[in-house]
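Sending over a structure as structure tokens; questions will come in a sec.
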């Protein structure tokens, strides 16, 4: 029974290694596109005061906004910022 478990574990490892895909490197333009498509949308000050009708043009970034992005909310938060390009 122990040898059967060893065979199953070896097969599982073989499948895991065979199915692992190498991640391709992306250019900065592609990274900017993917960064803008991820995250949680947020309402910038320019979207208006009503959150229900706002277009949610910003994206929540943990910490602070990355280079090329600007903070679009007037309040200060230590944890995250609402940023847009």
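Any Cβ shown, glycine's included, is placed from N, Cα and C.
Residues or ranges marked as signal peptide in Swiss-Prot (evidence: sequence analysis): 1-20. As annotated by Swiss-Prot, disulfide bond applies to 42-82, 44-72, 65-83.
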Quick one: pull the CA-CA distance for residue 82 (disulfide bond) versus residue 65 (disulfide bond), whole Å only.
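Rounded to the nearest whole number, the Cα-Cα distance is 8 Å.
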Ten-angstrom check, please: count other Cβ atoms within 10 Å of the Cβ of residue 42 (disulfide bond), all chains counted.
21
Going by Cα-Cα distance, pick out whichever of the disulfide-bonded residues 42, 44, 72 is nearest to residue 83 (disulfide bond).
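That would be 72, the closest of 42, 44, 72 to residue 83 (disulfide bond).
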Using C-alpha atoms only, work out the spacing between residue 65 (disulfide bond) and residue 72 (disulfide bond) and round it to an integer in Å.
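Given the Cα positions, residue 65 (disulfide bond) is 10 Å from residue 72 (disulfide bond).
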List the Cα distance (Å, whole number) between residue 72 (disulfide bond) and residue 42 (disulfide bond).
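Computed Cα spacing between residue 72 (disulfide bond) and residue 42 (disulfide bond) is 10 Å.
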Determine the minimum-neighbour residue: among 72, 82, 83, listed as disulfide-bonded residues, which Cβ has the fewest other Cβ atoms within 10 angstroms?
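Looking at the disulfide-bonded residues 72, 82, 83, the Cβ with the fewest others within 10 Å is that of 72.
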Around the Cβ of residue 44 (disulfide bond), how many other Cβ atoms lie within 10 Å? Please give the count over every shown protein chain.
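For residue 44 (disulfide bond), the 10 Å Cβ neighbour count is 20.
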